[in-house]
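Enquirer: Taken from TrEMBL, the feature transmembrane segment covers B:31-48, B:76-96, B:117-150, B:162-186, B:193-219, B:289-311.
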Amino acid sequence: MSDEFVIEARGLAKQYGPHVAVDGIDLQVRAGEVIGLLGPNGAGKTTTILMLLGLTEATRGSILILGKDPLRRPLEVKRDVGYLPDSVGFYETMTGRENLTYMARLAAIPRGVVGERINSVLASVHLLEVADRPVATYSRGMRQRLGIAELLMRQCRIAILDEPTSGLDPQSTQELLDLIQKLSRGGMTILLSSHMLDVVQTVCHRIALFNKGRIGFFGTIEELAAKIGGGTYVIDVEAEGIDLSALAATVDGVKNVMAVNGHWQCEAVRDVRPQLAQRIVAAGGALRNLDLRRARLDEAYGRYFREVHQ
Amino acid sequence: MMVREGSPFRGVGVIALKEAADHLTSARMHLIMGLVLLTAIGAVYGAIGRIKDTTAEDAYLFLKLFTVAREPLPSFAAFLGFLLPLVAIALGFDAINGEYNRRTMSRLLAQPIYRDAVLFGKFLGALLVIAIALLTLWLLMTGLGILFLGLPPTAADVVRSLAYLAATLACAGVWLALAIAFSAVIRSPATSALAALSVWLILTVFWGMIAPLLAGLIAPIDPLDPSTVLAQFEAQQSIARLSPQTLYAEITAILLDPAARSVGPLFMSQLQGSLYGAPLPTMESALIVWPQLSALVAAMILLFTVAYVAFQRQEVRA
């Protein structure tokens with residue numbers, strides 16, 4: 001992951017008559033990041049995606065995708081951005097290969113490399129054997145993988161996936177998540193809009209919580225959990241040869257220390273693992289485990305929206 | 001001023017060829033073209049029989065293949081005028097809303113092309129298919145004419161019939177643009193097809209009744225003033241010409257009949273010095289129907305513009 005921002009949206013807003021769909025959001029995404037776009041239906045996720053793609057004009061605000069404005073330089077932006085919509089549609093009577101070939105021609109991929117590239121991406125999404133069957137015979141999971149194959153074929157730098165796992169069986173979901181992680185490892189930046197919180201937790205580095213057209217929270221799941229838990233980070237510590245309750249109290253930021261089931265649990269206002277480790281080792285203790293408890297997104301999400309609605 | 005990057009026509013060829021291939025292989029197209037082909041062969045066969053029975057010698061025998069009818073079948077030109085709008089509507093009624101219903105629109109527009117390319121590509125693809133069908137029918141007519149009449153068409157016949165073919169394509173373009181406009185405005189393909197067919201029904205079948213009615217209201221006849229009869233006729237003709245079918249019928253009448261001199265009322269003063277029944281040069285005939293041809297092209301452009309504006313302003317969410 002690099003520090004370069006590949007997506008920068010500032011004060012982005014979209015209004016349909018009197019209805020405000022997106023209300024001045026800021027979004028900055030680094031290259032290689034996987035960002036989860038979360039929120040209830042009608043919160044503004046899809047409208048934001050369409051504005052990022054240049055398919056809908058923003059009422060106000062600015063967007064830069066890889067340093068380019070999608071409205072002024074739409075072709076350049078579209079060349080680098082792939083989009084897999086919710087319930088991706090294909091031309092049913094055409095085969096998987098023909099669908100990809102058609103999109104390759106529209107994307108102006110040189111004819112000389114199209115065939116080879118299509119074979120390669122179809123193999124990577126495990127569709128090579130059924131490539132010459134009409135898409136009408138494909139299952140939903142196969143269609144989603146064909147959509148991913150299109151993003152791979154176009155060698156996009158940014159992929160926007162809208163509900164890619166909805167309606168998929170567990171095995172297909174896992175296959176798709178593996179593919180998304182593979183794309184991310186390959187350096188692709190991914191925006192993933194989903195209601196499936198376990199999916200988001202599995203693959204996303206950061207999340208943006210949309211609510212009533214605004215981004216209420218943008219950060220890691222741990223930061224979200226800390227925010228809604230009154231800024232509390234929970235750290236599990238297993239150490240021998242020291243009294244952690246006394247030791248941890250001297251670490252700046254620690255609020256509380258408890259013994260729980262044979263180990264210690266520290267509550268702190270920030271991630272104090274480095275300071276704790278240093279103190280334990282300096283005091284001659286044997287540090288066995290130091291773990292920032294991974295917040296569960298479904299819990300954090302539920303609490304966040306309960307608090308927002310109160 | 002914001003200047004668009006790249007050409008709006010990038011991708012037009014790819015989309016047009018894909019659309020043409022889809023149409024040529026679709027069951028819908030096979031059915032309707034089968035119908036057109038059967039009726040065309042029937043009409044030509046009937047015309048050949050009648051020409052053989054009644055015409056001993058005619059300088060424009062080939063052109064008569066298009067216009068001569070034998071009961072109960074109408075002429076080939078009349079058949080084409082009736083069925084061609086149906087072909088055009090069949091090819092265009094789900095051009096835009098079909099992409100939304102298949103959920104392929106957002107993926108299509110996420111490719112590095114402009115919306116312009118989608119609309120132009122779809123229009124040109126369908127028009128290409130109609131042009132291929134018309135050319136095939138024309139070649140079939142020519143072949144049947146040579147086979148059964150034993151006379152090859154003259155150069156003037158070929159030019160006139162090709163001009164007629166171009167006018168037929170322009171007429172089909174009007175109905176195609178109308179169908180595409182409905183497909184851009186109405187989200188349900190069934191409803192857009194019904195809307196286009198309703199317009200076709202009104203302008204083809206009922207317009208002949210509506211035009212005199214409206215003309216009677218606009219320009220009533222004064223029994224004491226004979227010029228009001230002419231005024232009402234002209235008003236009726238103007239109203240009737242709002243229908244592309246009227247324009248097409250006038251073009252057909254002039255182009256396929258070299259002896260025809262006018263599409264409106266013909267006065268004795270206009271015939272002064274002319275030889276009765278003498279044919280007009282092809283260019284003269286073309287000049288007579290030039291306004292009708294221009295009107296068809298203008299209607300096509302106007303309807304295409306409506307489709308273009310509607311499509312450009314649409315929010316794409318599927």
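Just so you know, the numbers here start at 1 and follow the chain as drawn.
Cβ from N, Cα, C; glycine included.
Any TrEMBL annotation is an automated prediction that lacks curation.
As the structure is a computational prediction, the values presented were derived from the model and not from experiment.
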Enquirer: What same-chain residues lie close to the transmembrane segment (B:117-150): Cβ under 8 Å, and 6 or more beyond its ends?
Expert: 8-20, 22-24, 29, 33, 36-37, 40-41, 44-45, 48, 51-52, 61-62, 65-66, 76, 80, 84, 87-88, 91-92, 95-96, 99, 108-109, 161-162, 165, 168-169, 172-173, 176-177, 180, 184, 304, 307-308, 311
Enquirer: Looking only at residues six or more beyond either end of the transmembrane segment (B:289-311), which have a C-beta under 8 A from one in the stretch?
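Expert: Here the qualifying positions are 96, 115-116, 118-119, 123, 167, 170-171, 173-174, 176-178, 180-181, 183-185, 241, 244, 247-248, 250-251, 254-255, 263.
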Enquirer: Would you mind listing the long-range same-chain contacts of the transmembrane segment (B:162-186), meaning Cβ under 8 Å and 6+ residues beyond its ends?
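Expert: Hits for the transmembrane segment (B:162-186): 66, 77, 80-81, 84-85, 87-89, 91-98, 119, 122-123, 126-127, 130-131, 134-135, 138, 192-193, 195-196, 199-200, 244-245, 247-248, 251-252, 255-256, 282, 286, 289, 292-293, 296-297, 299-304, 306-307, 310-311, 314.
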